[in-house]
Amino acid sequence: MSLCYCHTAGKILPPGAGRFLAIAPVVVLFFLLPLQLTSVHLGGSTAFFIAWLANFKLLLFTAGNGPLSATPPLPLRRFLALSCLPIKILQNPSEKQSPKNHHETLNQEPKSFLNYWIKALIVALMVKLYDYSEFIHPKVILFIYSWHVYFFLEIILAITQFFGRTLLGIELEPQFHDPYFSTSLQDFWGRRWNLMATNILQPTIYKPTVKIAAKVVGRKWAPLPGVMATFLVSAIMHELIFYYLGRMKPNWELTWFFVIHGFALTVEILVKKVLPEKRRLPAAVSVPVTLVFIFSTAIWLFFPQFMRLKIDVKAFEEYAALVSFIKKLAFPLVS
């Protein structure tokens, strides 16, 4: 209902203050929605899909920008799908095979259903493995969490992409591209990991910051404050999502995780500006170095939040409830 209202408001009101004032109450409502959910899985999905992505898309829409803005206006079905699902339309399907754009070549081959079934099986095995967590070192558990979260996110986003493709009848961009092959932080955050978040942060935070910074430090160095601003906003949104999930005051370790990565990525960009490409580390070295940095900082600052807020405990209780529900459906006569 809220998105239908926004779609109508967009037809009546031109981009600007009037459209913003009309849509602002919906943005506030979307920030409040996850607080009404106690399920980790439903609350987490709503927080990411609605409170973050949909709200940022709507804010862009008030200015006449972003995926919801088009001339002529988007049909209602497409507007609804693009608003509430973490999907992005592939703009130039015919160019998928062209090597001119690195981003396009990274995403040119969609994964098969078998790939996702295997990952779903791995997640199920991980959940079973947690029954023996008392015999496993805590750092190893956090390492397993990292793969669990990645596989779970990829499966959830693939499901939403399937429904989005079914609703729209057009080709959509994948949201992950094998992040474990990342050759640098720039490659990981910009081209491989959770591309929906990247695609929405670029027009809302990165590009405006670069435009402002260019007037102060020049175009050459403007991307650096743009990167830091993007990571700071991402940190705030992650803190908010974890608050929805755990309902506890943040200890700001998540923020430090993104600040460290933003600073490291800024340094990486500086090095690339002064170091010729032929003198950079080969992929055989850069991939392990990148993964070690990502995993070590995530195990240090990111994944301990799951245990601090007892998100893992709540998630396992929901898994158990789901299994029990399915058993009752499958074997209704078995007590």
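In case you wondered, yes, glycine gets a Cβ from its N, Cα and C as well.
Caution: TrEMBL annotation is automatic and unverified by curators.
Range 47-68 is the one annotated as transmembrane segment, of 47-68, 311-332 (source: TrEMBL).
Ranges compared are 112-131, 252-271, and TrEMBL records transmembrane segment for 252-271.
Two recorded stretches are said to be in contact when at least 3 C-beta pairs lie under 8 angstroms, sequence spacing 6 or more; the transmembrane segment (283-303) and the transmembrane segment (142-163) meet this definition. Outside the transmembrane segment (252-271) by six or more residues, the chain places 184-186, 189, 223-224, 227-228, 230-232, 234-236, 238-239, 242, 293, 297-298, 300-302, 304-305 with a CB less than 8 A from a CB of the stretch. Counting same-chain residues at least six beyond the ends of the transmembrane segment (226-245), those with a Cβ under 8 angstroms from any Cβ of the stretch are 34-35, 37, 40, 43-44, 46-48, 51-52, 197, 201-202, 204-207, 209-210, 213, 252, 254-255, 257-259, 261-263, 265-266, 269, 305, 309, 311, 314.
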